[in-house]
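**Q** Handing you a structure now.
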Amino acid sequence: MNLSGLNIVADENIPALESLFDCFGKITRIPGRSMKKSDLKEADILLVRSVTKVDRALLEGTPVSFVGTATIGTDHIDQHWLHEQGIGFSSAPGCNADAVAEYVLSNLLLVAREQGFDLLDKVVGIVGVGNVGRRLQRRLERLGVKLLLNDPPRQSAGTEGMVPLDQLLKEADIICLHTPLVKDGKYPSHHLLNQDNLPLVKQGAVLLNAGRGPVIDNTALLNWHLIREDVTLLLDVWEDEPRVGSELAERVRIGTPHIAGYSLDGKIRGTWMLYNAFCEHRGLVPDVDFKQCLSEIVQPVVKLTGKEDLTDIIHMIYDPADDHARFMSSLDDAAMQPERFDQLRKQYPVRREFAAAGFSGAKLASDLKGQLVAAGFICD
Ligand SMILES: NC(=O)c1ccc[n+]([C@@H]2O[C@H](COP(=O)([O-])OP(=O)(O)OC[C@H]3O[C@@H](n4cnc5c(N)ncnc54)[C@H](O)[C@@H]3O)[C@@H](O)[C@H]2O)c1
Ligand SMILES: O=C(O)[C@H](O)[C@H](O)COP(=O)(O)O
């Protein structure tokens, strides 16, 4: 690596920055939500997360020549303007997709246990079958769950087996939203679920959104849910986050502060992907392996008594009820204050991905072992 002396300005919530970017120069960490042009007067590299709007207003007149976002979503970035200006750009596609798929699985198993149903008797509809949706599809299929898939952009590119959104809404018992937030073009997803199509949702269905808040019109959702309390809501993302109205929050079975993708593995993978992208941008050869970045993080160990089922084991690694309890205790009468929402995210406990788990104690029964492999654990 023969590059140093650059100024790197980064969101304070990006992990593993020092081990990956120290070699390029001086790192200044600042809060992403309030980042402004004056913070970037001398910046060569800007590294953000989803809470910083990166556009002409932020960057014009600054020396920034490379922008990276350690996230999957890119709706906060004006990529067109960056391209016009010749500013290098990278996001981190798929970096936390496993974490989101695991968040969904943990949530669905929680609801199944509470409501006394078996996921195998339900039809799960996945809207948006990209990095997240495909991982979820694979795990549910391997567990034997029936699926309906909707992804018009992929369908028009030739992928078979998709159904129209209205059909999915009418026929699925569980609906999971994993589209990006797109406001224009041929397949906009802004308010994809709205007052016109929410009434199509089946009696007693489960509706989960771990994409972006504005993919569901939250005002329409609240009004509809006042008369459709039979539908179980699981929301990780909110239309006006970091502000969340209590009226909607109090109607959800699981409400979380946009943390579906917050595994430590996923966050560090995001930083590592930006490191690789920056090396490529400057014609450098990367020399840090992803495994090296994780080497000092403690491995979670599941201690088995022999009585656990799949839900128990998954919830030993990640139980969404804990996040929900923290979220609800942060609501005041009218709303979740933006500072509190951000604080919950900043102080998020270490969460590892299923594949990182080790096992001790009782031997795994072979049928449970098969389910764990299907769910994304590696347990040989
Ligand atoms: N809650 C979280 O913590 C979290 C974490 C990661 C990603 N996300 C969000 O989830 C989104 C999806 O992530 P991904 O990695 O799967 O992205 P991806 O780009 O790999 O896949 C998105 C898929 O959605 C499809 N799509 C686009 N517009 C659509 C529409 N109108 N209707 C149906 N399908 C549509 C695309 O064709 C694509 O296949 C991200 O853009 C991000 O906004 C949220
Ligand atoms: O797009 C993504 O990757 C996720 O939504 C990500 O988890 C957002 O986290 P943030 O950047 O807001 O910390």
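Each Cβ is built from the backbone N, Cα and C atoms, and glycine gets one as well.
These numbers come from a predicted model, not from an experiment.
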**Q** TrEMBL has T71, Y262 down as binding substrate; which of S38, S50, S90, S295 does it also list for that site?
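**A** As annotated by TrEMBL, T71, Y262 share the substrate site with S50, chosen from S38, S50, S90, S295.
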**Q** According to TrEMBL, D151, T179, G261 bind NAD(+); which of D236, D240, D287 is also listed for that site?
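**A** For NAD(+), TrEMBL names D151, T179, G261; of D236, D240, D287, the listed one is D236.
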**Q** So which binding-site residues out of S50, T71, D151, T179, D236, G261 are up against ligand 2, CB under 6 A?
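**A** What lies within reach of ligand 2, judged by Cβ under 6 Å, is S50, T71, G261.
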**Q** Those recorded positions, T71, D151, T179, R212, D236, G261: which ones have a Cβ sitting under 6 Å from ligand 1?
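**A** Near ligand 1, sequence order: D151, T179, R212, D236, G261.
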**Q** In this predicted model, what is the average pLDDT of the domain 'Erythronate-4-phosphate dehydrogenase dimerisation' (305-357)?
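**A** A mean pLDDT of 94 is what the predicted model shows over the domain 'Erythronate-4-phosphate dehydrogenase dimerisation' (305-357).
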**Q** What whole-number Å value do you get for the CA-CA distance of T71 (substrate binding site) and H258 (active site, proton donor)?
**A** 12
**Q** Of the recorded positions listed here (D151, T179, R212, D236, E241), which is spatially closest to Y262 (substrate binding site) when Cα positions are compared?
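**A** That would be D236, nearest by Cα distance.
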**Q** Restricting to the recorded positions D151, T179, R212, D236, E241, which ones have a CA within 10 Å of the CA of H258 (active site, proton donor)?
**A** R212, D236, E241
**Q** I'd like to confirm something. Which of the recorded positions, S50, R212, E241, has a Cα closest to the Cα of T179 (NAD(+) binding site)?
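**A** Closest by Cα distance to T179 (NAD(+) binding site) among the recorded positions S50, R212, E241: R212.
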